[in-house]
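**Q** Can you keep this structure in mind? I'll have questions shortly.
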């Protein structure tokens with residue numbers, strides 16, 4: 001009845017030891033973190049500095065080096081939830097479609113009459129045609145511009161939705177294309193945000209898609225959410241336009257193919273520019289902070305070969321003409337072209353500070369965001385607050401643990417000692433598993449561990465109480481112990497499954513710190529059942545085999 | 001015989017149903033009072049659910065709430081509340097305040113410029129101030145968070161209902177879920193009564209209370225099921241009393257260890273999670289009460305089938321025995 005086969009003993013022991021092994025690095029958090037950082041830094045650059053070698057030597061390579069990630073509330077840092085304006089892209093698509101559609105319809109002028117663009121809501125293109133009777137032909141012509149949408153389901157849907165209403169032809173993106181476009185927009189945004197955050201080189205940023213059109217960004221160690229916002233909130237769309245005119249008042253009707261942008265430096269100055277840029281930031285290969293010949297901060301850049309050719313051709317043909325450098329709808333500067341610039345590199349001057357020029361260079365290198373963003377949620381947690389919380393949590397856990405151990409030993413004697421050992425193993429295993437799966441410990445997560453300390457003994461209490469009862473009726477202590485474990489099992493299983501159920505729901509519906517809590521609670525339930533049922537049982541059985549007591553007191 | 005701390009005597013035969021009307025009445029009254037409190041006083045929703053901005057300031061200088069208020073009033077931010085935070089773990093040179101600014105009209109979250117302006121104004125009032133945490137949540141997200149929080153609590157209760165139904169009988173499931181609703185409602189009521197900040201972490205605490213309370217309830221139900229098979233002819237009421245008495249020692253032990261750990265956290269864990277830990281501590285007490293006095297009363301009234309050797313046929317009543 002009390003036998004535990006050897007293989008089971010080995011498995012239990014192996015699980016316990018590996019749990020402890022994975023937990024140990026957390027006791028030397030600073031040292032292991034320095035070790036891990038040194039390896040990552042050395043890998044990135046390709047060589048190792050002496051300081052990095054020392055940091056790496058601070059923790060032996062053969063030991064597990066996984067650490068529990070500290071959540072933002074414990075480490076401090078910035079958190080942003082951004083909503084991407086996916087509809088921006090629809091608008092841009094329709095803008096780009098108009099010249100194409102005009103060309104296609106112009107070829108059929110004889111049958112469909114004059115073609116004119118009509119006012120339309122964003123994301124729609126409305127075209128008025130001269131001969132409504134020939135609408136069917138116009139629709140067919142525009143439909144020819146459509147491409148099939150490539151989706152996972154592979155249904156060959158068209159990307160354009162072309163309908164007619166009287167003499168107005170309406171073009172929209174189809175449902176399938178919208179979904180595909182949204183997805184692309186978010187993926188691109190994620191990629192660009194990741195590049196921008198990586199450029200500033202902080203540790204383990206979390207950049208995740210959330211829901212259909214949201215992105216969650218968490219950067220530990222960054223001073224404030226405002227800083228993070230300045231870094232990722234800018235679209236950073238850089239374009240170079242020919243200047244057609246400048247005035248102190250915005251031209252209300254600049255005419256077709258022209259745009260009016262304000263100047264950044266001189267308030268009240270507006271430039272009228274050709275709407276189609278000569279070159280854009282997409283063709284940049286490099287940008288770095290620099291200084292102009294007067295020693296003022298500037299950004300120097302280099303184009304890729306196609307960009308360089310366009311830029312070179314344009315500057316050669318327009319010597320003496322002003323040329324506007326536009327960033328996100330504002331003219332940074334409009335220098336006069338002095339000479340042909342053949343190499344494809346140049347410099348942007350403006351009234352920058354060194355910080356601004358550095359930031360702009362980062363943004364230009366990382367590329368422009370495909371769409372604008374609104375920030376729905378932002379949180380900044382100071383590192384001191386996090387450190388205070390860790391300290392408070394640590395003290396509370398130690399005090400709670402000590403009190404529970406004393407209480408258990410007073411109540412159950414030797415069996416209480418077994419339960420306490422199991423409890424320590426349990427806590428080690430929670431940390432071990434959290435480290436191994438790269439889980440995140442949050443402040444509520446610490447509370448989850450403290451709660452587990454209190455609740456983990458429950459399974460043991462159930463078993464011990466049951467053994468006490470069985471001792472009154474059963475024949476001999478061995479049988480009582482066996483029955484105690486056996487009969488307490490259904491209560492333990494039912495009780496823990498229901499708790500696990502709520503933790504799982506918390507995990508799927510919660511976010512941030514709450515999710516961290518759910519993870520620790522779930523791990524805690526699994527490890528506490530394991531330690532309470534198997535570890536204490538092993539301890540009890542080994543003790544019983546050695547001593548063979550005639551009577552036992554639980 | 002070695003010394004054993006015994007909170008509960010070896011053998012108890014307390015009649016838990018002697019005052020069943022009084023105990024159940026107290027529970028019913030508490031639930032009703034909580035509902036009234038929530039309706040009348042409302043909950044002190046945190047920015048997670050209401051939107052807005054909170055700033056936690058720390059300073060070595062004595063805190064002057066009036067000066068802070070005066071510094072912020074020219075910024076025209078609408079409803080601003082400033083409260084001093086006290087905690088036994090703070091030293092005399094650590095003065096902490098929590099500033100809460102309502103969600104701004106038309107903006108999803110407070111703009112960086114506005115936050116900078118607020119920080120500059122506070123620096124003017126108290127040069128030693130530092131900003132330990134700044135959090136801003138837009139009304140759009142807060143609405144969704146509230147929705148998903150309610151959904152989470154409902155989903156958890158439904159999941160438990162179904163699980164208990166499968167493992168036991170529908171009467172047990174109804175009793176268990178009634179106890180859970182009781183625990184959640186009364187805890188929310190206390191938050192309304194003391195106007196404690198109600199945010200996302202409190203929802204996590206509520207769900208943990210659900211888990212804890214059901215844990216307690218299930219242990220007694222499990223024993224009840226066992227005893228029902230053993231004592232086929234004893235009146236249901238007596239079997240229930242026996243089951244509660246038999247598991248009483250365990251109930252007190254587990255609640256005791258959990259409370260010890262939680263109280264350590266409540267006192268020493270710092271003010272940031274105090275609300276969260278308070279909800280859990282309170283929930284453990286209420287949860288223990290409800291599994292003894294709410295869940296069982298309801299099962300007693302609904303009755304259960306008595307012959308567990310046969311498949312479920314006659315769901316009730318309980319007093320059908322000869």
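Numbering starts at 1 and runs along the chain as displayed.
The backbone N, Cα and C atoms fix where each Cβ goes, glycine too.
Feature list, courtesy of TrEMBL:
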| type | residues | note |
| --- | --- | --- |
| DOMAIN | A:186-243 | domain 'Protein translocase subunit SecDF P1' |
| DOMAIN | A:261-371 | domain 'SecDF P1 head subdomain' |
| DOMAIN | A:376-544 | domain 'Protein export membrane protein SecD/SecF C-terminal' |
| TRANSMEM | A:392-410 | transmembrane segment |
| TRANSMEM | A:488-510 | transmembrane segment |
| TRANSMEM | A:516-544 | transmembrane segment |
**Q** Who are the long-range neighbours of the transmembrane segment (A:516-544) in its own chain, taking Cβ under 8 Å and residues 6 or more past its ends?
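**A** Counting only partners 6 or more residues beyond its ends, the transmembrane segment (A:516-544) has Cβ contacts under 8 Å with 2-4, 8-9, 12-13, 15-16, 19, 71, 414-415, 418-419, 421-423, 425-426, 429-430, 433-434, 439-442, 444-449, 451-452, 455-460, 463, 477-478, 481, 485, 489, 492, 496, 499-500, 503-504, 506-507, 510.
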**Q** Across the domain 'SecDF P1 head subdomain' (A:261-371), what does the mean pLDDT come to, as a whole number?
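**A** Value for the domain 'SecDF P1 head subdomain' (A:261-371), mean pLDDT as a whole number: 83.
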**Q** Taking helix as H, G and I and strand as E and B in DSSP, count the residues of the domain 'SecDF P1 head subdomain' (A:261-371) in helix, strand and coil.
**A** 29 helix, 41 strand, 41 coil
**Q** Counting each residue once, how many in the domain 'Protein translocase subunit SecDF P1' (A:186-243) are helix, strand and coil under DSSP?
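**A** Tallying H, G and I as helix, E and B as strand, the rest coil: 23 helix, 18 strand, 17 coil.
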**Q** Other than its close neighbours in sequence, what residues sit by the transmembrane segment (A:392-410), given a CB gap under 8 Å and a spacing of at least six beyond its ends?
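**A** Result: 416-417, 419-420, 423-424, 427, 443, 446-447, 449-450, 453-454, 457, 460.
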